[in-house]
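S.K.: Just passing along the structure, written as structure tokens.
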């Protein structure tokens, strides 16, 4: 069958489409990120997602089912344990996470780790608890500026996050401290999935805002992924957003950092004008970071509408031998209690101008369907010990 020369995989970070059968085991009852967002607003204008068939896949208030949807679409279950960024993305590319990444949500980090971090960086530490970024800055941002102490905090994810003011603490110093933290947290008892630099600006409480100079220091994937298979066989693997950070650069041939999700789509549109063969892998993080965690369904809805405008431009630029895949890495229902991710199905929406058929496909048991399909398209074998079955033959 016909193979695609370029595949664009866009991850709308946290856009879940309803709780998985095991969601209650994760404390997530009746969650539905996309559905509840639509119910929270008076209108929801996403014509391009609508014509692809998103409302055919999942009922959405204000959005009609398409009579003739353009795309193939289905729900994907998460096979791995967890509901975090790394687990979702790693599974997409073939890895099955059977042991959850260690979290320090309830306990904070061990004093021994904090003492070593202070000793190595020269900065005292405040915080050491689970918190949202906005709350921790309101509480400790002024103190950090006045003292030079580091704000260290975590979340429901396997992360150690360090906040520093861009002007008084300095970006280079923040990155240096995070590199030390990453080295220390490779130790088994302190191991976290990611260390995240969280720079911010502002003069006082209520004015602090995190900047786009965030940097993630992730663990290397424990095995080879579809990205490695592509790169090792001479194909392009162009990342946009935090994809390269999530995989610690493994299997990436070109990395493009984004200032926002809108910027990420603008970068994707520019990449579409280039001649390459392989994968453009995009993560759009604002949905999760700005709206999901902050439990702001109205802001989330507006972000989806902005995405839909740029999606229209993507659809116009797609060539006959291009394939677009739209998906998500987990849920983050902004109407749910708390501030954490939610365990949900995610969408798989696939479209090419050359497709002759369309419609609903059967739910699959793993996000790894994506990586397997991409590898199959380029006639590559997936690395050993990966999961996922290709649906390429159905994308006609």
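Here the Cβ of each residue, glycine as well, is placed from N, Cα and C on the backbone.
Worth saying up front: this structure is predicted, and the values here are computed from it rather than measured.
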S.K.: Which residue of 263, 341 does Swiss-Prot report at the same Mn(2+) 2 site as 288, 293?
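M.R.: Mn(2+) 2 site check in Swiss-Prot: besides 288, 293, the record includes 341 out of 263, 341.
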S.K.: At 10 angstroms around each C-beta, which of the binding-site residues 293, 330, 341 has the fewest other C-beta atoms nearby?
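M.R.: Ranked by other Cβ atoms within 10 Å, the binding-site residues 293, 330, 341 bottom out at 293.
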S.K.: Closest to residue 288 (Mn(2+) 2 binding site): which of the binding-site residues 13, 329, 330, going by Cα position?
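M.R.: Nearest listed residue in space: 13.
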S.K.: Output, ordered by sequence, the same-chain residues six or more apart from residue 13 (Mn(2+) 1 binding site) with a CB under 8 Å from its CB, or 'none'.
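M.R.: Non-local contacts for residue 13 (Mn(2+) 1 binding site): 85, 283, 284, 285, 286, 287, 288, 289, 292, 328, 329.
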S.K.: What does DSSP call residue 341 (Mn(2+) 2 binding site) in the simple three-state scheme?
M.R.: coil
